[in-house]
Amino acid sequence: SYPTVDNERQSTADISTSYLSYILDSDNSGSSSTNGEKIQQQKSTEQKMSSPGRDQETLLEEDDSCYISERELNEIKKHEEFRQPLSRKVPVPSSKISPYRVAVIFRLVALAFFFRYRLLYPVSDAHGLWLTSVICEAWFSFSWLLEQLPKWKPIKRETYTQRLSFRYNLPGEPSEVASIDVFIGTVDPMKEPPLVTSNTVLSILAIDYPVEKVTCYVSDDGGSMLTLETLRETCQFARTWVPFCKKFNIEPRAPEYYFSQKVDYLKHNIFPSFVKERRTMK
């Protein structure tokens, strides 16, 4: 016959009873009060071992410990993400920068020989003109040298926008990123069509940035009513175009250029409502 659950519990209780009895027998120096406490501990242990709800309580305690461990792991990952830098330096390959450095060295050598000649052979007939020309040449040479210093060892950085968003633009919390003001200038609606200005405004408003942090200003020096009416219609259309771009990650975000593309726009979009909303936008 196969052992039942009651038999297993009974055998476990017998083992615990024998173990506690061995402890009581081996403790020769213990007092009667200590023996009484041990007997009570033995009884409580037997009750816990034989209680039918023990397995369920143990599982609940294990689940709670796992939940705490997972939460602590998420906190550790969050702190590690906060400590990571927002950008890193990318070294420029020596095959690209070495030829430029060699050219700069040759120019410096030629410049040194040139100034040596100018200083060793002055023009005695027009000393003032010679001195003025030398000062001007020295100034232009110094400005050229200052321009070569950052190019001698250029720094290229790789930024991590996801870390910036994770640190300062968490969902459900107020955004802490800096505000952006974009200015667009226009003069003549005949040379600068209002439709181009409208697409520019829409692409700026739909950038991947918090909406409340982006402000677009249009400066019309010509004061054209055509541009004004176009911008009014643009503001109305932006109320639907901007959420559409952010929802489906549309690129490019200028409507005219987006709808003129001859590509499979369903390739990277798996949303069932995308086709309907795209047709409405168009």
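Cβ from N, Cα, C; glycine included.
As given in TrEMBL:
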type     : residues         : note
BINDING  : K191, E192, D221 : UDP-alpha-D-glucose binding site
COMPBIAS : 26-36            : compositional bias 'Low complexity'
COMPBIAS : 37-50            : compositional bias 'Polar residues'
REGION   : 26-57            : region 'Disordered'
Remaining residues near the recorded UDP-alpha-D-glucose site, that is with C-beta within 8 Å of the centroid of the site residues K191, E192, D221: T186, V187, D188, P189, M190, G222
E192 (UDP-alpha-D-glucose binding site): secondary structure state under DSSP, collapsed to three categories: coil
Those binding-site residues listed as E192, D221, and which of them has the most Cβ atoms within 10 Å of its own Cβ: E192
Protein Cβ atoms within 10 Å of K191 (UDP-alpha-D-glucose binding site), excluding its own: 8
